[in-house]
Amino acid sequence: MACRSGCCCGSSGPINEDNARFLLLALFIILYLLCGAAVFSALEQPKEREAKTRWEQRFEHFSQKHNLSTRDLRNFLRSYEEANVAGIRVDTVRPRWDFTGAFYFVGTVVSTIGFGMTTPATIGGKIFLMFYGLLGCAATILFFNLFLERVITVIAFVLKSFHERRRNKAVLPQNGRRASEGEKVGGAEAGAVGKREELAGWKPSVYCVMFILGAAAILVSCCASLMYSAAEGWGYLDSLYFCFVAFSTIGFGDMVSSQRISYEGHATAAYRVGNFFFILTGVCCIYSLFNVISIVIKQVLNWLLRRLEASCHCCFPRRGPHRHPRRNVVAPGHLRARRDPSIETDAINESETDPGRRMSGEMISMRDFLAANKVNLAIMQKQLSEMAVGHPRQSGGSCSHQNGFSGGVGALGIMNNRLAETSVDR
């Protein structure tokens, strides 16, 4: 059946759901970048022009006042810029490359904040940074992922406890007679079993988790802003701006904390420890919040795809009774009928849901990664064993040859079998 507004896909056939979601997300990001560029250009360009005009006037006035040529003055300013890159400032600041300064630098490297106020100037430092950052950034991202799993575990435990307590209060005796001891024990056991079965697959709502993480990020940012306002002398809004730039690992470098040698009226050591604690906690909270927000964005994309399917049947395949369950949903497999989305990833065995491809969950945990590796390792060991005794696997052989994919051994055999199953499935 043709589209009401004409076919938009030509003769290429229906668009794959994952490809359609990718294209929608790419289009959204492009529009988001264009809108952001327009807003920032309108807000910041007049200020830039004003500063440029004021600087040219001061430059001309200074050169005339001290009888300096423009060329000599520009060369002097270039020399200062080179010194500024090495960490030299007009005001007295803490040493950049003593142990504490270097520790602050490597913290900004592995956390991917990268303020830019300190950069290696030697060839050896630049080469070492490439290898150091490669391992350090990967380890830190893994730490953030594990932190997110534990935060979600704690949130799920607390919310599940409240949910269970609310259900216990809602259960009332159906009659007023007094039950015997046997009935009490039997009823308690049956109720416990039913309650465990009912709450076994219960997962917190993604919107509830997003609200809790957002509240935690706001609380940490507000408390850190109070500390930065008192210690650094910044305005409170400037401190909030610094907190978001630092916690989100954007790290412009226009405002950097803990750069003075000492802080009058404040315990310098205590402030440096507090600065480290707030940056670490804030980065973990914002990173976790970004992951949960990405799930919500994915749900919006799925909703847009459903709307597009309803209006354009030739570009998007119709969901029939033999179609596999919708991928990338948030709830686990046995809870897909629920409307309230869950925070858990749909890490289910591929053979039970979508043969030929791993389900792309919203948040990939190390448990899912190791489980998938165990399945692939078991398949590879079985193939090697069967090939060693001279009895290759027969299941799926006909469809494999029919679709032009040979068997193979090990990882190549797994890939060929996946390709064969995918071609049959599609």
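Note that Cβ sites are derived from N, Cα and C of the backbone, with glycine treated the same way.
TrEMBL: automatically predicted annotations, no manual curation.
Look at the domain 'Potassium channel' (94-151): DSSP puts its residues at 41 helix, 0 strand, 17 coil. The domain 'Potassium channel' annotation in TrEMBL covers 94-151 (among others).
According to TrEMBL, the domain 'Potassium channel' annotation covers 217-298 (among others).
The annotation transmembrane segment is assigned in TrEMBL to 22-43 (among others). Beyond its flanks by at least six residues, the transmembrane segment (22-43) meets 15, 297, 301, 304-305 of its own chain at Cβ-Cβ distances under 8 Å.
What TrEMBL lists as transmembrane segment is 102-123 (among others).
Among the features that TrEMBL reports, transmembrane segment is placed at 129-159 (among others). Within its own chain, the transmembrane segment (129-159) is flanked in space by residues 106, 109-112, 120, 203-204, 208-209, 212-213, 283-284, 287-288, 291, 343, 363, 365-366, which lie at least six positions past its ends and keep a Cβ under 8 Å from the stretch.
Residues or ranges marked as transmembrane segment by TrEMBL: 205-228 (among others).
Tertiary neighbourhood of the transmembrane segment (234-256): same-chain residues 108, 111-117, 217, 220-222, 224-226, 228, 278-279, 282-283, 285-287, 290, selected by CB-CB distance under 8 Å and a gap of 6+ residues from either end. According to TrEMBL, the feature transmembrane segment maps to 234-256 (among others).
As annotated by TrEMBL, transmembrane segment applies to 276-297 (among others).
Residues 85-87, 96, 129, 132-133, 136-137, 139-140, 246, 249-253, 256, 258-259, 276, 279, 283 of the same chain, all 6+ positions outside the transmembrane segment (102-123), place their C-beta atoms under 8 angstroms from a C-beta of that stretch.
Residues of the domain 'Potassium channel' (217-298) grouped by DSSP class, helix first, strand second and coil last, total 59 helix, 0 strand, 23 coil.
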